[in-house]
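As structure tokens, the structure follows; a few thoughts come after it.
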Amino acid sequence: MQIIEGKLQLQGNERVAILTSRFNHIITDRLQEGAMDCFKRHGGDEDLLDIVLVPGAYELPFILDKLLESEKYDGVCVLGAIIRGGTPHFDYVSAEATKGIAHAMLKYSMPVSFGVLTTDNIEQAIERAGSKAGNKGFEAMSTLIELLSLCQTLKG
């Protein structure tokens, strides 16, 4: 039996985009900082890293599709924060963002990591953006790095 998995180390020539929603920027700025930190710590070249900003989480799938279609990137780390409010808006936005991101990843067969927080309140979001529960942006970039490595291994 053979176990095949990715490594948490970049080769240094991977072109990566971080796609970030600006809405709830107090949270998403921290997620983005965590993702950038992870990229640099694991061998990424800052000159090969692009930050792409969109107004809100609903727009993430559309721009992700454009980024993957361009074939400029080896992978994309998607970040956002959707916080439940008093209306069903949260349910619609989180469902469509999640489905759209998954669809684009499968459509282009490209590594994409999901760092979109879906929380019941601002406190939960803050906890996941660098306090009690770690930084989910850092974790999302870690996932992308492993996916990139695994894809290289599977290519042979």
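Every residue, even glycine, has its Cβ placed from backbone N, Cα and C.
Look at Swiss-Prot and you will find H89 tagged as active site, proton donor. Annotation source Swiss-Prot lists 5-amino-6-(D-ribitylamino)uracil binding site at F23, A57, Y58, E59, A81, I82, I83, F114. What Swiss-Prot records for G86, T87, R128 is (2S)-2-hydroxy-3-oxobutyl phosphate binding site, and it gives sequence analysis as the kind of evidence.
A Cα-Cα distance of 14 Å separates H89 (active site, proton donor) from F23 (5-amino-6-(D-ribitylamino)uracil binding site). Secondary structure at I83 (5-amino-6-(D-ribitylamino)uracil binding site), taken from DSSP and collapsed to helix, strand or coil, is strand.
Ranked by Cβ neighbours within 10 A across all protein chains shown, the recorded positions H89, R128 are led by R128. In this structure, the C-alpha atom of I82 (5-amino-6-(D-ribitylamino)uracil binding site) lies 12 angstrom from that of R128 ((2S)-2-hydroxy-3-oxobutyl phosphate binding site). Spacing of Y58 (5-amino-6-(D-ribitylamino)uracil binding site) relative to R128 ((2S)-2-hydroxy-3-oxobutyl phosphate binding site) is 20 Å (Cα to Cα, whole number). Here the candidates are the binding-site residues A57, E59, F114, and by Cα distance the one nearest T87 ((2S)-2-hydroxy-3-oxobutyl phosphate binding site) turns out to be A57.
DSSP assigns F23 (5-amino-6-(D-ribitylamino)uracil binding site) to coil, not to a helix or a strand. In the structure as shown, the Cβ atom of A57 (5-amino-6-(D-ribitylamino)uracil binding site) sits within 10 Å of 29 other Cβ atoms. Counting other CB atoms no more than 10 Å from each candidate's CB, the binding-site residues F23, A81, I82, G86 peak at A81.
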